[in-house]
Structure formats: structure tokens, C-alpha cells
Ligand SMILES: CC(=O)N[C@H]1[C@@H](OP(=O)(O)OP(=O)(O)OC[C@H]2O[C@@H](n3ccc(=O)[nH]c3=O)[C@H](O)[C@@H]2O)O[C@H](CO)[C@@H](O)[C@@H]1O
């Protein structure tokens, strides 16, 4: 009997790909268990989807205390896995996956990795040599891998929520009451929001809302809603929320998306063939993710410092139907199949 342990957590970008694979596995009546931290988003998101979840007490490796916690968590994970007896393990990057990956090496349980970003993260770099297979989103991640390990890697794209497949633009626009001549701009930060994008939208608020043909959907991030909206007196037709639960619907309806360049967001734009204005978050390899889209002329990249120009550019492009079509066609060239289905098959499940 197969039983698969998933280890993931931290941000939506790590959790949603795991969930989409887990749902495919559950359809096959295979038992699953999620292991993450008890401190971050996974502790809410995973049980809400009715998966069994265990939260470890671990922190990012930045202090002596966090190293001790990591060692203690690893020891308890070894005990846990001895009891649970999984046949396969899959990890989705970052420090949260370390205890399970060390335990699977100790107990010799075969493990798989999934890397969402163009540039591999540190945890995946440490563990890929012992993995059975590594599922990557973007082909050029392989450029930095030694030849002798390349045969472990499979380019699958990022697993997306099932709702990103099979949606139809006109239908979603109808449900949102969007008229044919209206242009939809969707603004999302990462799963935690994006302060610089919010500030730029606020500065350009008058210009955006003056144009009656523009429909704005803007997620500020859960912690930034008050600060981002307290000065707004008139919302007009704009829909402003801390977080959108219906991004698949909104992105399908959108003409252009202003966003960060987290890996899942980039893959969602590719799946829905959307033109975008990208403002990558520094430090975590988002620029390289953004380059994938810009390279094919499917997106334009701006920085935190030029975020206001980014909004101007979005307003200009969204009024040019031919430009939207050109960018959308280019994005389409990057499309892959249903990544979660491919990964389940590659895992032999
Ligand atoms: C700050 C940080 O460390 N960011 C990293 C984090 O991104 P983070 O989780 O922020 O970003 P991603 O783009 O990968 O994922 C965000 C997910 O949240 C969803 N969403 C977002 C806003 C909203 O209102 N509603 C909603 O559902 C998006 O549709 C997407 O599915 O993990 C990613 C995957 O390893 C990395 O590429 C990012 O660099």
C-alpha cells in the first residue's frame, strides 16, 4: 500500500503546488500526510483542504536556537516516519523541508523534490543529489546542474490549483459583471501582499479610477489592507480586498496583471496566457522567474523604485488591444501540460 508524505510550508507559493499534487493522489485513494511548521500558513491552509497535517516547531536557520529546534524536530520526525511508514516522500523546498529530508535519508525512504523557481533554492540544492527525481518548473534551471545529475530532472512546469484549468474568459467576465468594452487590471502581490505595489496603486488611484472603462481588482495582502486603503474615499467599481480566494477566476477575466514574480504566479500567468507587469521581490530569485516571461515578450519588468511607472505602463498597455494580444500569444509559447498529473505519473503512483 502506497503512502505519501508531503513536506511544505512558509508561503502560498510552496503550499499550493503540494496541495494540487496531493489532491490528484487522494483521488487514487492513496494515503497522505503533510508535515510543515506549526507557525506558518500551512497550518491553516492544509487542514482546511482536509489533509492530515503535523506542524513542527521549527524556525528559519538564523540563530543557535533555531539550529537546536531543527535538530529536535529532525529526531521527532525520524520517530514519526518510523511509525507512519510512508513509501514515498515529496518536498517543496525551503528550511521547513529539512527535518523530513534528513529523516528520509536516515530511514532510506525514496524522496522526490519539486522546485518552483527558475533558480533552485538552498534546501533543494543540498538534497537533490539523493533524490529519486527533481521536478522543475523552468527548463533553464538545468543550465547550472552538473551533467551527471541531469537525468534526475524532469521539466514539468509548476503544479497549479485545478481551478486554473478549463476556465473561459468570457464566462468569467460575465460572472463578474464586466462589460465587453471594460478593461480588467488585476493587482496581486505574492501570497503575503506587496507594500511597494500597494503604494504605487495608491499614488495612481485617481488616474486609474477616472477611466470608467477600467475595472480594478486589487489584493493588498492580509497585513496591508488598512494602511493601503485608509486614505481612499471613493472606491467606485474597484474591488479591493486583503486577499482574493478566487484568483483563478479573476486572472482568467483579467486583461493584464500587475504582480510580483513568485514562481506560482508566473506559472499561473503562463497557464492563462496573460500579459503582465512584473515587479519582482528582491533577494529571493524572483528576477530570474520574471526574466522567463520577459524573454519571450510576454511581460515587462519594473523595480520597487519604478513601481509607479509600472502602473502607468499597465494603464497604457491595457488600452492597446493589439499589444495585449501580442503579449498573450508570446506567453502561450511557454505553456506546459497539467504539471500535477505529470508529477503523479513520474512518481509511479
Ligand atoms: C517573498 C517570498 O519568499 N516569495 C517566494 C514565495 O512566494 P509567494 O508564495 O509569495 O508567491 P507565489 O507567486 O509563488 O504564490 C502566490 C500564490 O498565492 C496566490 N494568491 C496571491 C494573492 C491573493 O490575493 N490570492 C492568491 O490566491 C497566487 O495565485 C499564487 O498561487 O514562494 C515562491 C515559490 O517558491 C517564490 O517564487 C517566491 O519568491
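Including glycine, each Cβ sits where the backbone N, Cα and C put it.
In TrEMBL, annotation is done automatically, which means it is predicted and not curated.
Within 10 Å of the C-beta of residue 161 (UDP-N-acetyl-alpha-D-glucosamine binding site) we count 16 further C-beta atoms, all protein chains included. Per TrEMBL, the feature UDP-N-acetyl-alpha-D-glucosamine binding site maps to 11, 12, 13, 117, 161, 191, 286.
Here TrEMBL flags 4-136 as domain 'Glycosyltransferase family 28 N-terminal'.
What TrEMBL records for 184-332 is domain 'Glycosyl transferase family 28 C-terminal'. With DSSP states grouped into helix (H, G, I), strand (E, B) and coil, the domain 'Glycosyl transferase family 28 C-terminal' (184-332) comes out at 72 helix, 26 strand, 51 coil.
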**Q.** Least buried by Cβ count (within 10 Å) of the binding-site residues 11, 117, 191
**A.** 11
Q. So how many of the residues in the domain 'Glycosyltransferase family 28 N-terminal' (4-136) end up helix, strand or coil by DSSP?
A. 66 helix, 28 strand, 39 coil
Q: Quick one: of 12, 13, which of the binding-site residues has the smallest count of other CB atoms within 10 A?
A: 12
Q: List nothing but the largest Cα to Cα distance in Å, as a whole number, among the residues 11, 12, 13, 117, 161, 191, 286 that the record says bind UDP-N-acetyl-alpha-D-glucosamine.
A: 21
